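Heads up: the structure comes next, in structure tokens.
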Amino acid sequence: MQMLFQRKLKIRFLFLLFLALLVHLVMDFALPTTHRSCGCDTKASKATGVLSGSPMPASLKKLSLRILQDFSGSNGSLEKSSQPERAGLHLRAGEPGVQQQHEEANAEWTRGSKLAALFEHPLYNIPVPEVTEKDKLFIVNPMEKFSLRSSGSDEWVSSSKAETLLPTGKTAYDTYPTWLKFHIGINRYELYPRRDPLLPTLLRDLATQRIISSVQKSGGTQLKLIMTFPNYGQALFKPMKQTRDQETPIDFFYFSDFERHNAEIAAFHLDRILDFRRIPPVSGRLVNITKEIRDITTDKKLAKTFFISPAGNVCFYGECSYYCSTEHAVCGKPDRLEGSMAALLPDKTLAKRRSWRSPWRRSYHKSKKAEWELNPNYCDQVRETPPYDSGHRLLDLIDMAILDFLMGNMDRHHYETFEKFGNDTFLLHLDNGRGFGTHSRDEPSILAPLHQCCSIKKSTYLRLQLLATQPYRLSDVLREALAADPLAPVLAEPHLQALDRRLEKVLVAVGHCLARTPFPSEHLPKSPRNFL
């Protein structure tokens, strides 16, 4: 009996081995050889959604960073692509996927692109004047470290009180968060360098850093929030109020229009393409109204303005001069909300800024006109008025007028400068939310400083001519720059096409001035300093 039992056991064991071999052979013949890859390829393909061994299309790389795939018409796309599992940018800060995706997007949009070629052009490599200690906004103590207390609070800790030691070989500067490095890099000549290695990281931080506080920014006619991050960085959040293809009605006054979050994003990239570099970095972001604003705000006035709309969406409106009411509320889908996140400049207690009334400021009245609209020789008296009677301040103002004309922004009533640098410094191009409101019509009055003064920087003129050529066409390079933003597409296509049309009008205006009278040498400066 024992021998019989052992024989049956061996037969069953051999039968099972034969069955396993048969199944393996069937699977080998049934599956294509392209699907038999190593486990590492399988894991890599799962992370990207592409079959292992096949190249990833550029469109899919872009898609991995897009929160909104198509936002040309309505909020409907929020429902299709705003879920965390579909949008790579919803990964929390510190997770490995965030940095990898951002770096891949940067590589995709700079390798072999018109934008990369533009920044390699000699006109974008003019040397910056030597920056001395007095030309820096901040003089940094090389021993000062940035660390976080173990209690969980976020604050500066001096080197004598630091609770953590720096890793061997690192300097104090390495402990600074990116926003602080951005502040330290500001100097008399530029807000940030042309080839700033910090820029991609700063934009990523604006789009992905965890928000620990949301309060309303005081002042202004429309709702804006100050967002705070765990590393003490802060950003100005402007929520979406209009869709990308919604034009400003022709009967609206410029001061009655809503500010646009996508205009702030596009303005930053346009300012950089023009090589002004006078707008703080801005990134698009999709926020959760419930978790990232309502539940964490300490602003009691703001907290009182939250409500649920009849459609079941979370809304709020805050308190401000004009457009803060239930009729002008900001609503999510149901609590997802687009907005622009702009890096804040250093606090005014640390770096004072002076606000200047623009000589070409509009009247902000429904029937009255400003003096410059009535006096064709208005520029003559501006030239005799400090600080426009010397230096390059007037030329910088004309740069700003060209930027505004390209965007269609009529709301430039003031500008600011850093007080430390006096009159010999660049202008800050802040508050650009009323740009890109129209694409079907242009506003020639924005170019009044150029028309009336017939002056322009030589460097600006040459770059504008370059951006009007096919290899570096303005609409193409801006489209590329905006494609890497989390809220791409940032601008509707007609706005990009309008840029080329408006650029031609700027060049025609300069051409008329040249034909009428040659520019004096000081209006076409040749020194590196005035080329900025």
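Every residue gets a Cβ built from N, Cα and C, even glycine.
Heads up, TrEMBL stuff is auto-annotated, nobody curated it.
Positions annotated as signal peptide by TrEMBL: 1-28. Residues or ranges marked as ATP binding site in TrEMBL: Q222, K238, E259, A342, A343, L344, L345, E416, D431. Annotated Mn(2+) binding site per TrEMBL: E259, D431, in sequence order. Positions annotated as domain 'FAM20 C-terminal' by TrEMBL: 306-516. Under the heading active site, TrEMBL lists D411.
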Residues that sit under 8 angstroms from Q222 (ATP binding site) by C-beta distance, when 6+ apart in the chain: K241, F258, E259, C320, Y322, Y323, C324, G433
Cα separation, the residue listed as 'active site' to A343 (ATP binding site) (Å, whole number): 21
Packing count at D431 (ATP binding site) (other Cβ atoms within 10 Å of its Cβ): 23
Which of A343, L345, the listed binding-site residues, has fewest other Cβ atoms within 10 Å: L345
Neighbour count (Cβ, 10 Å) for E259 (ATP binding site): 24
D431 (ATP binding site) and the residue listed as 'active site', distance between Cα atoms, whole Å: 9
The residue listed as 'active site', number of other Cβ atoms within 10 Å: 18
For the domain 'FAM20 C-terminal' (306-516), mean pLDDT (0 to 100): 94
Farthest-apart CA atoms of Q222, K238, E259, A342, A343, L344, L345, E416, D431, residues recorded for ATP, distance in Å: 20
